[in-house]
């Protein structure tokens, strides 16, 4: 089953092709991370899928419907986690969750959502007094209160402290375990690696790579880097496709422990930076429409 | 839930937010009452002899219709223009649009807010006029009927025109200046603070294009002695023309709303 299907999507702003012939399928129940530098067309693509922007060309289907002609029934099945806004400052989390729940056909219980996003202690305090992380969790609560089949998460953990991010990931895994399809955009590669079943990298409005986090860009078969410190000749670095063999040889040479031994494979971040390198600095300046409000 | 039930829920949410915003309560809600009290105390001596005294018009009674008209404009047009522009700017509208809420429910919520606040404001205004300044309120049901339609048309028109006007602002910061300056000028030239008859003719013509002059005139016909209509431009209350102008502005406001309303900021579609 396909939750989201994109064929030949094009969106231009003046002379800039923000999205330039994008093809992508996202399966039902999948957690998909969309990665890319600022101005790559991520936010534009997501906003088209959410029904907030018109497209210039291409076919888009989200839960079987064209988001450009979205109706209430379609919105009832979608959850959008938007960037925090100050417009809620005068209300409490419970008040806005309760009111938002009333617009959905089969919402989750407000208390359940408050607990899921860990806002029990702040549920009846003015939102103006919430911390950045608490507000973001409220945004997620508002995105899932309607029991959506598909959730859009746009840079969900920007500004979180490390513990808050871990807690947040737990929340997202819980949603995924219930079968919710999740489309995530993020600048954090570790976040994508932790959460996503598949990642797509876009730059200049095109899809550069599409794979599981472990295999992206041929990452699994890339050479490993082995470094160690020799007392006489200093630090050594060797690239090899057979690191185990090298380490065994070194162990014999040093009679046991190899001094300061490190064996590393390219991280997702290394792979990502290599993929987007040709597209950064040329024609990928952030476009006005993607500057966060 | 249907659009009406969600609209009612929106009204309650809007009222909660309104009542918690101290600035709105002070400047929007209490402003006409404060001005009435102030003017009655400052200009009280000018109404102790002559025509006004003979006809039983005190300073408070003289300024009451103008303040009622100003209140209608403040709670409808000004509140709407400012709140909708702010909500568009800070993403509240986009957030609402992301839910299955019928768009009509949002507008019903706004209408509900304006109806409740403007009625409460008017009730307070009457209470202060009667109890603090001893103004004789009309007992003739016909006058209250006039009040009812002037009030309803004024509030309805102000609400839709305010929502339409909110689209003029490129940001929430800009809307303050865009709203305050024109409404202040309009209040001065529409007979809210001064006797309309004292204005130069050309200014009267300008004011006659806008609804506030007609709301003020309608309110005068509710609270002033019958014979005072000779002081009006046409020498009468002109109820027919008042209704016509207010309905025309209401229809224009609805058309503008339908054509210009946006859920997201400019440059995002």
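Keep in mind that glycine also has a Cβ here, set from the backbone N, Cα and C atoms.
Feature annotation from TrEMBL assigns domain 'ABC transmembrane type-2' to B:23-264.
Listed by sequence, the residues of this chain that lie at least six past the ends of the transmembrane segment (B:24-43) yet keep a Cβ under 8 A from its Cβ atoms are 18, 58-60, 62-64, 67-68, 70-71, 74-75, 78-79, 117, 120-121, 124-125, 128-129, 132-133, 193. Annotated transmembrane segment per TrEMBL: B:24-43 (among others), in sequence order.
Annotation source TrEMBL lists transmembrane segment at B:63-86 (among others).
What TrEMBL records for B:107-132 (among others) is transmembrane segment.
Per TrEMBL, transmembrane segment is recorded for B:144-165 (among others).
Among residues of the same chain six or more beyond the transmembrane segment (B:177-196), those with a C-beta under 8 A of the stretch's C-beta atoms are 39, 66-67, 69-70, 73-74, 77-78, 81-82, 165, 168-169, 203-204, 206-207, 210, 212-213, 215-217, 220, 231-233. The feature transmembrane segment is assigned by TrEMBL to B:177-196 (among others).
The transmembrane segment annotation in TrEMBL covers B:243-261 (among others). Within its own chain, the transmembrane segment (B:243-261) is flanked in space by residues 149-150, 153-154, 156-157, 159-161, 163-164, 167, 208, 211, 214-215, which lie at least six positions past its ends and keep a Cβ under 8 Å from the stretch.
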